[in-house]
Amino acid sequence: MRGYAWGAASVLLVTLAQLLMKWGMAQIPLMSFADVTLNLFMQYWLPLVVVSGGIFGYALSMLCWFFALHHLPLNRAYPLLSVSYALVYLAAVILPWFNESATLLKTLGTLFILFGVWLINSQAKVKTPQ
């Protein structure tokens, strides 16, 4: 059970990281490398901090993932990562600042992903290393 808890923490952190980076990058205009100046950092400090928080979230997620892999067989652990796709989709539809639309096709695809994860992890119990 400990492996699933670490896996869930990894999934939640990677979902948060993805949302933070999307929001932060949407606030910064597209530019070339030559446009990067100190003034740019001063003007867009908040989005840059948010993107940095997203990168830190990815690092924490990876740490949790290492612990999940320690406790779960790979064929059980790896599908858990797919849950983050569903969570990102759901959050992007619900949270107003992402302005994502829900469509039948996207929702069905997300449900298929979740069904696949459930199917793989609901099979007969196998002993997991402690």
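For all residues, glycine too, the Cβ spot is worked out from N, Cα and C.
Annotated features, as they stand in Swiss-Prot:
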type: TOPO_DOM; residues: 1-4; note: topological domain 'Cytoplasmic'
type: TRANSMEM; residues: 5-25; note: transmembrane segment
type: TOPO_DOM; residues: 26-47; note: topological domain 'Periplasmic'
type: TRANSMEM; residues: 48-68; note: transmembrane segment
type: TOPO_DOM; residues: 69-77; note: topological domain 'Cytoplasmic'
type: TRANSMEM; residues: 78-98; note: transmembrane segment
type: TRANSMEM; residues: 100-120; note: transmembrane segment
type: TOPO_DOM; residues: 121-130; note: topological domain 'Cytoplasmic'
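Per DSSP, the secondary structure of the topological domain 'Cytoplasmic' (1-4) breaks down as 3 helix, 0 strand, 1 coil.
Across the residues of the topological domain 'Cytoplasmic' (121-130), the predicted structure has a mean pLDDT of 64.
Distant neighbours of the topological domain 'Cytoplasmic' (1-4): 67-72, 76-77, 80, 128, 130; these residues of the same chain sit at least 6 beyond its ends, with a Cβ under 8 Å from one of its Cβ atoms.
Distant neighbours of the topological domain 'Periplasmic' (26-47): none; no residue of the same chain at least 6 beyond its ends has a Cβ under 8 Å from one of its Cβ atoms.
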